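A.B. asks: I have a structure here, written as structure tokens, and I will follow up with some questions on it.
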């Protein structure tokens, strides 16, 4: 608080009547005392109760807030007319702040405030006072209530609820347009002086805005404020109490004001003439380029719609507005041709879609520009005379017949020759072919509508000078029907006639189908190939016919099946016919015509023997024959078994061992000594594995000398068998494996032990370890026995 404010408050306090300087004397003044119910009331005992009149009367006390003195602040004095000044009375204070904030001298009745009081915390205090006899503690006056009101001083400055406000106002607004209202509050008492009277003023933001002093409403102060020139403004508002007089307290706030956009600017093209280029081969819908008009406004006020309003290419091009970029995209509307036209001129207009009528005076909100489009020449592919071709041809045409011709040309000025070809993926069977020079399509295989009624071909046209530049066109070939198929039975008919059938009885209804499809529809005629004494056919003239009997009774014993040829013909040109044969079985039927049996063999069987019995007998005969054949075969096989005459007989066989060999003790196979001593073979000993029908005298061969290598012996025997003319063809193949040359460790085999047992020394086997102990005992022990004997 400034010094000037303190002095001003002190002067006001001195000139105003202050209640704290007067004694509140309460005397028994009948005129001033309130009358408290002068009537009587009955108590419980029935006696009348008289209420005493008050001996004092209370008024309000006033106390100035924010006392800064060092002593307790004096509030006032309570005094009763019963007080004789002898100290016999005692004053008691109760209520808000009694004993803490407010204290009373119990003898004199003086009331003091013990500390500074802020009116903004509490504006008044309600207390109760009573005077009692100090000796008897009985009240001499009834308790009464009084109020201490706090007088306000200007100790609070105005405050705004927000430090920074945000507001907006449309641009180009007229002077005095309301922007926003700011309101400040003052905690001081508005009913006491000017402490809470607030006046608003603008400290920053002139000359663009002003504020109303009493209301705080901010208004525009300049006309035609343009957002495009300046968009943001900062205004500082001051709120000052004491009616804005000098010495009043103040507070400020900041208001950020934004000018919002209005459509006050028309679109403008940056250039009056725009040049674009596009190849002539660009398909319809291709984007050529874009044009854009700028607009200083924003949002929907800057939205622009483009359109073509004039020019020589209005039917060749379109323009579409791109909403997100606000551009006009020019696209191709029709195919372009460099040879026909090379330059187009368009007049394009851009106009705002949201126009504010208030700003019509600023001029038309649209602009125009000239767009020149140049068509560039490219090497174009051939162009067919039609987008598709349809050819119709009868299925009976001869091979090589031309069914139609496709035509194409080079649209370029060079007019290159065209070569035609068929896409074989559309003609896998190669039924058609095309002349590469003139585009004539002809047949290369017979046509058949019943197999395929339509053929969808694709013809390719390419420039001879530029084969990669091709064009395709679909060619649809429709095959027209020719009556080249004869009608046939619609289904297979299983027809039977009862033995007890009567003449004229219906036994079957037949129908026919035809693969052809004549324009007038199918029409069939049925007849018999020849007159038949047993059956006849009756045409129903609805593409069906009935098969009827011509006599009474049929017999399975005589004929069990009849074959009836039926001729079916159509009515198209040329007439086609076919003969279908019905197989009619003769069957036994009941009285209602239901078939029971059609087997003629059942009638030939004996009366007491059924079919099942005959089958069983036949099976028994077959089983007996099989047993006899097996017995004979086993007996014959037993006669051909070989007889083993001697252990030393030569046998050609292969023995497979899956374990370690037993050496010389293994005598289960063949004796290898025989190979070493062929002289031991008997002169006339024959093969015993089979018994030949014709006996040949074996040719005697010289025996091999002792100590001849086994390999030489085997080769010698093989040569003898190859040159022996008497060797039978049933001789078996003998395979001998030769071990090879001796190893460094020498051989453990007993192959040579048959003739040279005494020359071998096996003592070294004991030095080879325990695994060869058995061999050492077998061969080494023999040597010792031989030496001892």
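Here the Cβ of each residue, glycine as well, is placed from N, Cα and C on the backbone.
Annotations per TrEMBL:
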DOMAIN    57-318  domain 'MHD'
DOMAIN    80-160  domain 'Cadherin'
DOMAIN    161-269  domain 'Cadherin'
DOMAIN    270-384  domain 'Cadherin'
DOMAIN    385-489  domain 'Cadherin'
DOMAIN    489-603  domain 'Cadherin'
SIGNAL    1-22  signal peptide
TRANSMEM  603-634  transmembrane segment
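Map the listed features onto the structure and describe their local environment.
C.D. replies: Per-residue pLDDT, averaged along the domain 'MHD' (57-318), amounts to 88 for this model.
Helix, strand and coil content of the domain 'Cadherin' (161-269), in residues and according to DSSP, is 3 helix, 46 strand, 60 coil.
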A.B. asks: For the domain 'Cadherin' (270-384), how many residues does DSSP put in helix, in strand and in coil?
C.D. replies: 10 helix, 56 strand, 49 coil
